[in-house]
Amino acid sequence: MNYNSALKLLMPLLEHLKIVDGKFKLVFNSKYSFLFLEYCFTLICGFSLSNKFLLERNFLALTGDSSTSWSSPMIPKLLSNDSTINPLGRPITSLEKSWIGSLNNIGAMVGLYPFGLMSDCIGRRATLLILAIPHFTAFMIFSVSTNIYLFYLGRFFNGLSVGAGYVVMPMYIAEISTDSNRGFLLVSYTVFSSFGGLLSFLAGPYMSVFWFNIFLATFPAIYFITFYIIAPESPYYYVQKNKFNLAKEIIHKLRPYLVQEEIANEVASVKNYLNSTKKYDVIKTLKSKPALKGSLIAIVLCTLQQLSGEAAFLAYNEPIFADAGISIQPHIASMIVGSVFFISSFVSIFLVDKKGRKFLLTCSNIGLIISEVILGTYYIFQEDGSNVVGYSLIPVFSLIIYMFMYNVGVGPLPLTIVSEILPMNIKFLVATTAGFCSWLASFLVTKFFDDVNDDLGKSGTIFIFTGFCLMLLLFTRCCVPETKGKSLHSIQTILGK
């Protein structure tokens, strides 16, 4: 909710201003009483009463990004010769480091399709509960493992949950939210993701391998317990299974201010929507110009997003700073970058509906290009043997700019655009395929980051990322439509031109 929605709530409340015993009194009906209370609570506490599961749902986002950034503080420990620090008893090799940094992406690719289909079979709620298990198992494996292959297995499990959450959680949010709070709930998921990455940067350097992973294991455990107790099933799932009474009960729990007639109308609306998506053949839809163009935009955006270098910068943040020879401790620099990454996640919340998707993507890409050109130039001088001691903070400032600008547009907006440009009956198929391409690109970036550094130098690697950012900028300007304030029908019309 925002201040405009507050005004909309206050106006009908004032209609209930009555004179009782010669005094003005507010006589609320149940609907507006709840809405006004919900607005006040949302404004003060940051989450909605009618979506009281918000905090515990976001524990999944927090867990997902903490596992993505897990390798940054863990790799220095696994590279140590000190057996009291390194549970393996020996430093990992460059090849082992690359697998630890990248195997979660393989797990994510594997988890995309099966869990998406599972959500239609056993329900969104049950599927999302299951996602806590691989995360918890992975962190417990890390806490006691003395074998490199167990670390590989744990990283795969981490990715399995992250990839599945990539598909199922946005679907769940869209189905249980209202039009007025859907954007808030989706963006809050991004904010908590960034906070999860920050937690890894903050806690990892100061905790042993055992306690760090025990600490991270508490989040999927809390998520499972609270989600089980609080979160409802999606009313869409119940309507899909012809369990209309259960769907009505869920809607009443989510929005208790609705009267029975309004609940029945919402169930009917869901039923009509689901029936309408079955009328069109998927293959026939995919052959249409709007669907083809939308699918191309979705896949290219999600792929180039990862090829911009963000996956490597998160996975190897601390080692990157160590290799750059910065004048402050690498883990301190990682904390600073992680903090900026978290804070910047709020920026798109306030700007996306004011400035538009295309404008923010353009500005974000320009920022990424500038930051990577600065970082690549620094590495050129370092590799040439020039004295860069007086400029050793340049890598820190470059990555601060990069992470800030990434979260302004390139990070959060591709999925938003994907959800707006695809016809309903192909959205799952194309979005999942785009997700697969995204995780594949992330795997290639993290797996071969060190290899490309060795062959082309760090400057060469950074300028490759810069090239992909330039490609994304040109693609955005030439091919991506502005979707701000446009209906889904008008967006399809634009894509058909």
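Yeah, the Cβs are placed from backbone N, Cα and C, and that goes for glycine too.
Residues annotated as domain 'Major facilitator superfamily (MFS) profile' in TrEMBL: 26-484.
Annotated transmembrane segment per TrEMBL: 32-50 (among others), in sequence order.
The transmembrane segment annotation in TrEMBL covers 128-150 (among others).
Annotation comment: TrEMBL describes 156-174 (among others) as transmembrane segment.
Positions annotated as transmembrane segment by TrEMBL: 186-204 (among others).
Taken from TrEMBL, the feature transmembrane segment applies to 210-231 (among others).
Here TrEMBL flags 328-352 (among others) as transmembrane segment. Same-chain residues lying 6 or more positions outside the transmembrane segment (328-352) and placing a CB less than 8 Å from one of its CB atoms are 69, 72-73, 76, 183-184, 187, 190-191, 193-195, 197-198, 200-202, 204-205, 317-319, 321-322, 360, 393, 395-396, 399-400, 403-409, 411-413, 416, 484.
Feature annotation from TrEMBL assigns transmembrane segment to 359-381 (among others).
The transmembrane segment annotation in TrEMBL covers 393-416 (among others).
The annotation transmembrane segment is assigned in TrEMBL to 428-449 (among others). Long-range neighbours of the transmembrane segment (428-449) within the same chain, counting only residues 6 or more positions beyond its ends whose Cβ lies under 8 Å from a Cβ of the stretch, are 98-99, 101-102, 105-106, 108-109, 112-113, 116, 159, 163, 166-167, 171, 282, 291, 294-295, 298-299, 301-307, 309, 311-312, 315-316, 415, 418-419, 422, 461.
The transmembrane segment annotation in TrEMBL covers 461-480 (among others).
Two recorded stretches are said to be in contact when at least 3 C-beta pairs lie under 8 angstroms, sequence spacing 6 or more; the transmembrane segment (210-231) and the transmembrane segment (128-150) meet this definition.
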